[in-house]
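Visitor: When I checked TrEMBL for this same protein, it listed these features:
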type: BINDING; residues: GLU93, HIS96, LYS209, GLU210, ASN213, ARG215, GLN227, HIS242; note: chlorophyll a binding site
type: BINDING; residues: ARG98, LEU178; note: chlorophyll b binding site
Amino acid sequence: MASKVVSFSGSWLSPSSVVGKRYTKSTPLSSAATVIPPRTSSLRPAAQSQRATWLPGLEPPPHLDGSLSGDFGFDPLGLGEDPKDLKWYVQAELVHCRFAMAGVAGILTTDLLRVTGIRDLPVWYEAGAVKFEFANTSTLFIIQMLLMGFVETKRYMDYVTPGSQAMEGTFFGIEDALEGSEPGYPGGPLLNPLGLARDVDSARDWKLKEIKNGRLAMVAMLGFFVQANITHTGPVENLIAHVSDPWHKTVIQSLVGS
């Protein structure tokens, strides 16, 4: 069987900073766990000092050398100074970005259907209390715990040993249908039907777009939380109220009135 780059595609996340050996389906786990070299800077000192940072003119910290997707030198608390911690934070940010993007899309869609009267839906922060007719809450909770537990376990195993969860026989024999370019970026006909990010250059662009949109989504989710706590309405209703009276229905008036 011809060798190919493989990764665990049942997961949504994994550190984008992992580089090293091309894994094959015959690669033993013990070998895969020992071939990851330390990350080195891909930028020369002059280029690194001139690259874009989150605060113009700010010198980025040494451990953020521009090799990570979306690296703008933001780490005021120095949380990523340890390479192991940085690897984990990269992974954590990626999964939070993806969950935030899914959450924002779901909240806006259901809120728009509710406000326009197309569907009789609860406001997003009360949706968890709804009782469904097709299954009781305990059943849904157990199913979610089993499914999420399985995926998260596989994700963590792939984080510890990149490439191990894409080896033959590790995912019900459908590893090829989920094969991606590297851990955390699944592909194949099931998860990448349009064939995006097949080459290195396009993959770099898509990773940057994903992390930027994910960070924006996390900020939006924070805004939704604050809106729900202060105005007790959904984001679409808040937007309609502001547009109808932009000089008196603002964030400041809402905070003062609360």
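Glycine too: its Cβ is placed from the backbone N, Cα and C atoms.
Describe the structural context of each listed feature in the structure shown, including burial, neighbouring residues and relevant distances.
Guide: Spatially close to GLN227 (chlorophyll a binding site) yet at least six residues away along the chain are THR233, GLY234, PRO235, ASN238, judged by Cβ distances under 8 angstroms.
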Visitor: Over all shown protein chains, what is the count of other CB atoms within 10 A of the CB belonging to LEU178 (chlorophyll b binding site)?
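Guide: Excluding its own Cβ, the number within 10 Å is 22.
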Visitor: How many whole Å apart are the CA atoms of GLU210 (chlorophyll a binding site) and ARG98 (chlorophyll b binding site)?
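Guide: Between the alpha carbons of GLU210 (chlorophyll a binding site) and ARG98 (chlorophyll b binding site) there are 8 Å.
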Visitor: Taking GLU93, HIS96, LYS209, GLU210, ASN213, ARG215, GLN227, HIS242 as the record's chlorophyll a-binding set, what's the max Cα pairwise distance in Å, rounded to a whole number?
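Guide: With GLU93, HIS96, LYS209, GLU210, ASN213, ARG215, GLN227, HIS242 as the binding residues for chlorophyll a, the largest Cα distance is 32 Å.
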Visitor: Would you mind listing, in sequence order, the residues at least six apart from ASN213 (chlorophyll a binding site) in the same chain with a Cβ closer than 8 Å to its Cβ?
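Guide: Same-chain residues close to ASN213 (chlorophyll a binding site) (Cβ under 8 Å, separated by 6 or more) are CYS97, MET101.
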Visitor: Between HIS96, ARG98, LYS209, ARG215, which of the binding-site residues has the fewest other CB atoms within 10 angstroms in the structure shown?
Guide: LYS209
